[in-house]
Structure formats: C-alpha cells, structure tokens
Amino acid sequence: MKSLKGTKTAENLMKSFAGECQARTRYTYFSSTARKEGYVQISNIFLETAENEKEHAKRFYKFLKDDLQGEAVEINAAYPVELPTDTLTNLKFAAEGEHDELSNLYPSFADVADEEGFPEVAAAFRMIAKAETAHYNRFMKLAKNIEEGKVFKKDEVVLWKCGNCGFIWEGAEAPLKCPACLHPQAYFEVFKETY
C-alpha cells in the first residue's frame, strides 16, 4: 500500500479511530446504567458492542501504525458529549451515532480512500459500516422493547433463560425472580438456540 502520510485518508482513519474509542467508552457507561435499571441483557449488549467498537478502532489504527509509526496525525473533528441518563435515551443516542457512521461518515471516508488510491482502506470503511448497521438495528429494537414494555413480556409464549444460572422458563412473561437461583427478573432474556 502506498504511503498515507499527508492524505485525507490518514485524517479520516484517525478521526474514525478516535470516534470508535469514544463510542466504546460511552457504551461501557451506558452498560452500567442499564444494569442499574434492571436491564442485564441490554447491559451485556452495550458491553459486547463496546468490544466491537474496540475492534473497529484497532482496524483503523493498524492502517496508520503500519505506515506512520511514531508520527502524529492532526485531526479536527467534533465528538458528542452524552453522559448516561436512562437506558432508553442511551439506546436512542447510540443508535443515532451508529446511523451517522453507517449512512454518512464511513461511506464518505470510503469514497475519499478510493479517490486517493487506498482500496483496502475503502473496503474496511465499507465493511465496518455494515457492522454499524447491525448495531443500529439492535439498538433500535431494544429501544422499541423498552417503549412497548416488551423487555420482559411478549405477546406470545416464549422461552426465557436466566442469565445467572441457565434456568429455562416458558411463558409470555419472565418470572419476577428465578425459581432456581432467586435472581431478579433483570437476569432473564428470551432464549433462542442459534447453534
């Protein structure tokens, strides 16, 4: 790959690295809020997504490290300030950020990388935008579940799994506490085997 030094692509990679690092940290904050509010599954999803963001940051940083080791890349960018409020607000805020990355930021950064002759970087931006699409969709579904009171209650009978002990409960609603380990309803999530 040719040198990134002095290119707009290098700036975009560093902006993306910084943005992904900040998203990761915000998601860990949001995870704590969700857990405190009794949404253990949503807390875990925020942590999982935070780890995904770390890997995105790593991918962007590796392009820079491989070519610009020991140098500084100056950027001028704005990043949102959103301290955790409540889980519903945090999910909507997170979805908004993911949507901006998948629909505006990363497609435009991919186009610049293509124009500057960095097809591998362009491909990375496009593939990571696809991952951000999954994050966006997941956050929106979780927000809708909270809004509709369907985190622990469904319209039909489903299997619920206690995230603490693995107990499986069948019903339209998760039990208020696990009959096996006595952990609260917060630990239940819809159970579906995907293997």
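Using the three backbone atoms N, Cα and C, a Cβ is placed for every residue, glycine included.
Take the Fe(3+) 2 site that Swiss-Prot assigns to Glu98, Glu132, His135: the candidate from Glu51, Glu53, Glu189, Glu193 listed for it is Glu53. Record note: Swiss-Prot gives Glu20, Glu53, Glu132 as Fe(3+) 1-binding, and the candidate from Glu96, Glu101, Glu156, Glu170 in that site is Glu101. Neighbouring residues of the recorded Fe(3+) 3 site, listed in sequence order and excluding Cys162, Cys165, Cys178, Cys181, comprise Gly163, Asn164, Gly166, Phe167, Pro179, Ala180, Leu182, His183, Tyr187 (Cβ within 8 Å of the Cβ centroid). Here the binding-site residues are Cys162, Cys165, Cys178, Cys181, and the one ringed by the most other CB atoms within 10 angstroms is Cys162. Its Cβ taken as reference, Glu53 (Fe(3+) 1 binding site) is surrounded by 26 other Cβ atoms within 10 Å in the chains shown. The Cβ of Glu20 (Fe(3+) 1 binding site) has Glu53, Lys54, His56, Ala57, Phe60 as same-chain neighbours under 8 Å, each 6 or more residues away in sequence.
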